[in-house]
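Here the structure is laid out as structure tokens; the discussion comes afterwards.
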Amino acid sequence: MDKNRIIVFDTTLRDGEQSPGCSMNTEEKIKIALQLEKLGVDVIEAGFAAASPGDFDAISRIAEQVKNSSICSLSRAIDNDIKQSGLAVSKAPLHRIHTFIATSPIHMKYKLKMNEAEVIKRAVHAVEYARTFVNDVEFSLEDAGRSEIPFMKEVMDAVINAGATTINLPDTVGYRLPHELGAMVKELSDFAGDRAIISVHNHNDLGLSTANTLAAVMNGARQIEVTMNGLGERAGNSALEEAVMAIKTRKDAFGDLYTNINTPEIYPTSRLVANITGVEPQQNKAIVGKNAFAHESGIHQDGMLKNNETYEIMRPEDVGVFKESTLILGKHSGRAAFRDKIEHLGFDKVSDEELNAAFERFKILADKKKDVSDDDIRMLITDEALNQDKTYELEALQISDCSNGVPTAAVAIKFQNQIMRDAAIGDGTMDAIFKTIDRLTGYNGELKDYKVTSVTEGKDALAKVTTRVSFDESSPAFVGHGLSIDTMLATAKAYLSALNSYLSQKERLSKQTSHQV
Ligand SMILES: CC(=O)SCCNC(=O)CCNC(=O)[C@H](O)C(C)(C)COP(=O)(O)OP(=O)(O)OC[C@H]1O[C@@H](n2cnc3c(N)ncnc32)[C@H](O)[C@@H]1OP(=O)(O)O
Ligand SMILES: CC(C)C(=O)C(=O)O
Ligand SMILES: [Mg+2]
């Protein structure tokens, strides 16, 4: 392998999904995986196959569809976990199993209740077993950041001899300072030599994850594990966009090191992940935050007008920000201009069906809203792509809620080409809507999370509602998305969208089970 190439291993769909409130359904994971492939990531960690049937299903379907990135699944050093990972990734042209066990004294003593010899034995067996499924096996020494170097060397020797091809050194709790992490990586990558690729996986508990990832690269790591928008357990993981753009922008510091990331796809990927998870990057987030390329003060604006480089070290277009087309869309625009616009916004894989549906919705929006912004269009397309399951469709909603009155909702839903109507009262308007939908569909959803954000500014902004709803105790909560100028309409759509996702996943899993019987 080229010694200057940094392998980008994206774990948005696994560690990123471990962010509270970020769980995604299969269709959403597939959308993100296809976009990550377009972004040019080398390895996509698509999930933890043994965690749930839904995770297994998502990894297997991603493995069937992604061709150019390697598909990976995480597993404890436990045979069944490894077997599930092996089966889930088997259909991908490029695939990997990632297995791990903790090596720090605190994890071994209190969590695993194993001594060093037992940990090594489990690690070796896990790698050998994983090699019976795939040739590409990554082994992680969990909590490497708090592990002892001599013991790590013993583990590394053993698992490399057992067939591990990549050794990952996670700073699981974000403990190390950059100079310490750099020194650890230097010693262990010198130790591994050409026998394995050294990887790092840094958490952001002290806000140091990107600094640590870069220190590791400077000291011999040739794989970085990152997530889009820095999502991940607790304070998150090292952000893909930050590490990649630092290496690209500071060639003077990184020399010939490079990644294969197609950087203009960074912003579209960030938007897709934010829209799907409902978790927006903070406004001042590097590279992808709303303010990352905004200039507020007079002296800066003056400088920018004279020469962009006075206040910008990267060109926004290099990360896909402001890929504006010159066509202004309004109520008189046609399909050709609409397609041109969405291609400029980076959506080149939109089917004719999705385009037509989004175009119809665009026309309705353009009638109500003076300026249809790029963000509005981006949301219409994403929303259409996310709501392909249309078992139940909202036809009409009427609500009444006056102070001291009785909040009431009347709802009409299309199901199997029939329109069903009902009305109910509730403890508030939202409650009345959900109760009516439950009565019409026969399901009893429990709302776990509800978020509303406005897509653009102004009184006529589109409202984007994200719900997480649980429909039975044995499955996780399902995410639903709704988009409308009217917040309550968006709410009803988001609730139905979560129900549609739940039903389609249930149907797919029951087909798989009857297939296996
Ligand atoms: C640092 C990380 O991000 S690690 C990845 C985190 N991701 C996840 O946990 C994925 C989601 N997890 C799950 O769905 C569940 O935890 C499962 C299905 C994996 C396991 O569920 P359960 O069998 O109920 O176990 P539970 O989660 O309660 O406890 C974990 C067990 O695995 C053991 N374990 C933890 N890591 C490892 C490992 N790498 N190898 C072997 N065993 C391990 C723990 O010691 C504990 O064992 P014990 O029950 O004998 O004490
Ligand atoms: C499983 C490993 C790689 C992990 O996520 C961590 O240690 O943080
Ligand atoms: Mg992690």
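Placed from the backbone N, Cα and C atoms, the Cβ positions cover glycine too.
TrEMBL entries are annotated by machine, without manual review.
Under the heading domain 'Pyruvate carboxyltransferase', TrEMBL lists 6-267.
The Mn(2+) binding site feature in TrEMBL is assigned to ASP15, HIS201, HIS203, ASN237. Listed in sequence order, THR11, ASP15, SER140, ASN168, LEU169, PRO170, ASP171, THR172, GLU225, ASN237, SER238 are the same-chain residues six or more apart from HIS201 (Mn(2+) binding site) with CB atoms under 8 A from its CB.
A mean pLDDT of 88 is what the model gives for the region 'Regulatory domain' (393-517). According to TrEMBL, the feature region 'Regulatory domain' maps to 393-517.
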* When you measure from the Cβ of ASP15 (Mn(2+) binding site), how many other Cβ atoms are you left with inside 10 Å? -> 23
* Excluding ASP15, HIS201, HIS203, ASN237, which residues of the same chain place their Cβ within 8 Å of the centroid of the Cβ atoms of the recorded Mn(2+) site? -> THR11, PRO170, THR172, ASN202, ASN204, SER209, GLU225, VAL226, THR227, GLY232, GLU233, GLY236, SER238
* Structure fact -> Row HIS203 (Mn(2+) binding site), column other C-beta within 10 angstroms, all chains, value 25
